Amino acid sequence: MFPVASLLTTVVLALSIVAGAVEVRSPSITLPFARSLNTRGGTLNLLEHDQARATALRGRGNASTAGKLDRRQDSIPATNEVTSYIAAVGVGSPPTTYNLIVDTGSSNTWVGAGASYVVTSTSVNTGEPVSVHHGSSSFSGTEYTDTVTLDSSLTINQQSIGVASTSTGYSGVDGVLGLGPEALTLGTLTNQPSTQIPTVTQNLFAQGTIPEEVVGISFEPTTSTSSINGELTFGGTDSSKYTGTLNYTPLTTTSPASNYWGIDETITYGSTTILSTTAGIVDTGTTLILIATGAFNRYQSVTGAVLDSATGLLQITTDQFEALQDLNFDINGVTYTLTPNGQIWPRTLNTAIGGTAGNVYLVVNDIGTNSGSGLDFINGQTFLERFYSVFDTANNRVGFATTPYTDATSN
């Protein structure tokens, strides 16, 4: 199991047991988690991973609309998850701790990639084959139901989990904590392709543990390869993690983005529109900010950046960085601004991605398809590290707010 588990030691809870039921005395339940750069295979190829994931997400989103799993992405070469947010989650009774990727682009929770699944008295084998393919990563195995523990005082009974017999692209982690919409589970049960699997968030609400089907997520920019810089809040939001007002936008109706946490937005660089209003997704499993090819070409042109062959990222000089303008994301009438600091990769981590120390690399890149595909952008971790985000299942919406570190320096 991944050593981050020893770092994740506290969950803020206010619970009491009344007549055998869990009574929530606090409006929300908070779980810290850590960012980790997976350098086990050498330098990281962020762009290769993210573009492969984007291709697979587009394929799976279209398949979810059709009510079946798209197997066409199986031929995409597997690459390891590179920059991941990891939460320590217990499974079974007594619980075994697994370090799971926090993933809003997947809805299945599963274990077994790094540490073997331990069968306990609460483990029930349903006999159903289950698999999820993300292009750059995948798993297949058997569905179980089991007790999932986020803290010694907080458990989910009979949560569906996948137990992997095979997995690719998950070196250094044990599986996935799926926080995507329930519809993404369509087609993942091989013999029951039309069956949806209730997610962790839904079951927390259904069992009366949290007051709302809401997850608030806080990331903070970091220059460390492993750092506890994130927080999941189940059932509400943590106002200490954002400034100003939370503003919400309804989920997009444009497919395939509509099958994920999909939204509509416009992107401008300074006063220049580089991506007109279109649909895309918010995804914790993607590192970079990916935009449609035409928009990427316009962004490269206005910034004067050149493509760096070693990393695949755009590179600018220090003088160009000083002249860099704001990148603005207009979402439901509210503008969220990535300042120049928010547009660059942390320079102290350049060598981890195959770059040169001291160079300035941009975190905006090409999604690999032209605008009009139905998934024209992905606001990944480098966006989410600058803004607080809320994923509201019951009301079919996503919320954002500025944070104290929206303009934090990327050293």
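Heads up, the Cβ atoms here are built off N, Cα and C, so glycines get one too.
Per TrEMBL, the features are:
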SIGNAL    1-21  signal peptide
DOMAIN    85-401  domain 'Peptidase A1'
ACT_SITE  Asp103  active site
ACT_SITE  Asp283  active site
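Highest Cβ count within 10 Å among the active-site residues Asp103, Asp283: Asp283. In this model, the domain 'Peptidase A1' (85-401) carries an average pLDDT of 93. Calculated from their C-alpha atoms, the gap between Asp103 (active site) and Asp283 (active site) amounts to 7 Å.
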